[in-house]
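Asks: Reproduced below are the annotations present in TrEMBL:
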type     : residues : note
COMPBIAS : 62-81    : compositional bias 'Low complexity'
DOMAIN   : 18-54    : domain 'CBM1'
REGION   : 58-90    : region 'Disordered'
SIGNAL   : 1-20     : signal peptide
Amino acid sequence: MKQASTFALIACAALVSAQAQPYAQCGGSGYTGPKNCVSGWTCVYSNEWYSQCLQGSGGGATTAATRTTTTRTTTTRTTTTAGGGGGVNTGLTTVVPASSGSTTLPSARVISGTFDGGMIKYDRNPKVCQGQTETGEKDAMFILEAGATIRNVIIGPNQAEGIHCRGTCTIENVWWLDVCEDALTLKQSSGTSYVSGGGALNAEDKIVQFNGRGTVQVKNFYANSYGKLVRSCGNCSGNGGPRNVVIDNVVARGGGVLCGINTNYGDTCRISNSCQNSGKWCDRYTGNSNGSEPTKIGSGPDGSYCTTSNVRTSC
Ligand SMILES: *[C@@H]1O[C@H](CO)[C@@H](O)[C@H](O)[C@H]1NC(C)=O
Ligand SMILES: *[C@@H]1O[C@H](CO)[C@@H](O)[C@H](O)[C@H]1NC(C)=O
């Protein structure tokens, strides 16, 4: 009797976990997870690679699966061409790569594991960019779960928050054509996130907003027309550090400092082999956690919190 009810419980648990959660992936080429969404959510087709559980019903689950299947041949071909058989360019380039197509999503796409966009341009529709109005994760294009990797993606102008990483993440050859609020927000509690290759254009304010703790390494990256490349949160609630910023082989034109750090939290910024065409390397601040404007205490390398090596202003 006891055993029988244990079996029933296990069977029931298996059934529950076989359903895709709100906003999770539920279909797409190469996807092997659950295809049905939890009650009240519908699997909605976005493109060959991706269907997502969205709120409400549209009678979508079957449609999504069918459409994904019928486009499978196209998907394979596109991925091979664009990704060079799964390759990724993590080297520095100052030329935005051509897109291999474009798609729009009605909400942020959540990624666990690795996602290779095959150089497709992604955007939000309806548009959510409202300039510098801080809106939050839901207005991102992509939300990365801890440990996730995203590569070979072009992000269009109509999203607001670019990529949000809930834990450490790896961003390879991702291009932001027109950064809205910011391009990348890091919320990891510790560990290192990596940005390798790719670039960001037209960022009124920050490209990388570092709100978590630990380290971010930005390598082989191109920034053009931006406010700051990386900023440790100046006044988040629960603010603190240290946050370590490592910048190597970056070309940055027409913008502000490569990093803004809070020395009172022990933040560091190490810049090497990079170019900023007005010699703006770092700003040092006293951060706070009460929301007031953080006080700027100095600019430029101080040999301690901020250091530079082999940097130049001609690029
Ligand atoms: C916020 O915190 C900073 C640093 O701790 C302090 O100097 C400042 O007075 C505070 N501002 C307010 C409005 O509480
Ligand atoms: C918090 O700091 C940011 C800069 O990091 C600034 O843009 C914002 O205005 C500040 N918030 C307040 C309430 O001062």
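We count from 1, first residue shown onward.
Note that Cβ sites are derived from N, Cα and C of the backbone, with glycine treated the same way.
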Asks: Could you give me three numbers for the domain 'CBM1' (18-54), the DSSP helix, strand and coil residue counts?
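Replies: Per-class counts: 0 helix, 19 strand, 18 coil.
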Asks: Just to confirm my parser: what is the rounded mean pLDDT across the domain 'CBM1' (18-54)?
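Replies: Taking every residue of the domain 'CBM1' (18-54) together, the mean pLDDT is 76.
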